[in-house]
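What Swiss-Prot annotates here:
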BINDING   Gly12, Pro13, Ser14, Gly15, Ala16, Gly17, Lys18, Gly19, Thr20  ATP binding site
Amino acid sequence: MTAIVPVITVDGPSGAGKGTLCKALAQALGWHLLDSGAIYRVLALAALHHQVNIDSEEALVPLAAHLDVRFDAAEGDLRVILEGEDVSTAIRTETVGNTASRAAAFPRVREALLRRQRAFREAPGLIADGRDMGTVVFPDAPVKIFLDASAEERAHRRMLQLQGKGFDVNFESLLAEIKERDFRDRNRAVAPLVPAVGALQLDSTSLSIEQVIAQALAHARQTLV
């Protein structure tokens, strides 16, 4: 029964460091990992591949309901598999990210993917990375964390990440995109980006990733005792 399987939810905006934190928590505890944002990115990529109108809720719902996606963390790094193909890199572009955010604004699309996300809850436990994990997907999770950082810091991190991969990027453009996405995510009618009640709130703007991991892990272990 999934009701007794513990879940640690980690919510927050893009670029706050959720992915790194969740991988560290999963490794430290030996738990499964769900990158819910990747599911929406996979849906966006699938829509682009199959030429489905990303602004049509009616067209996206059946695609979401039959989305063939799985996560493979056997080799350490989280691999995202869509229809048998490793799309871990392909889903991380800004275009796919912005498309995913638009798709996530549709209530019926979110409902179609909700059951699939909950199916990742298996023993011994699950680390759930997303934007509404603690408020909507796993409201009964015993440990909830909200990780944030300033838009400027997140844009800087994203710029360094993309430059490291050989992309030519502009800081001001990235900052504008992040602020636009933040506004959309925080103000949407369904499942807006807000800290869950009782969540540990961490601001990583001036914290090292090691400090963030240490605080989150200490909180989780204390709560789960």
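Keep in mind that glycine also has a Cβ here, set from the backbone N, Cα and C atoms.
Looking at Gly12, Ala16, Lys18, Thr20, the binding-site residues in this record, the fewest other C-beta atoms within 10 angstroms of the C-beta turn up around Thr20. Sequence-distant contacts of Ser14 (ATP binding site), defined as residues of its own chain at least six apart whose C-beta falls under 8 angstroms from its C-beta, comprise Gly37, Gly97, Arg154, Arg158, Ile178, Arg181. Those residues of the chain, other than Gly12, Pro13, Ser14, Gly15, Ala16, Gly17, Lys18, Gly19, Thr20, with a C-beta within 8 angstroms of the mean position of the ATP site C-beta atoms are Leu21, Leu147, Ala149, Arg154, Ser204.
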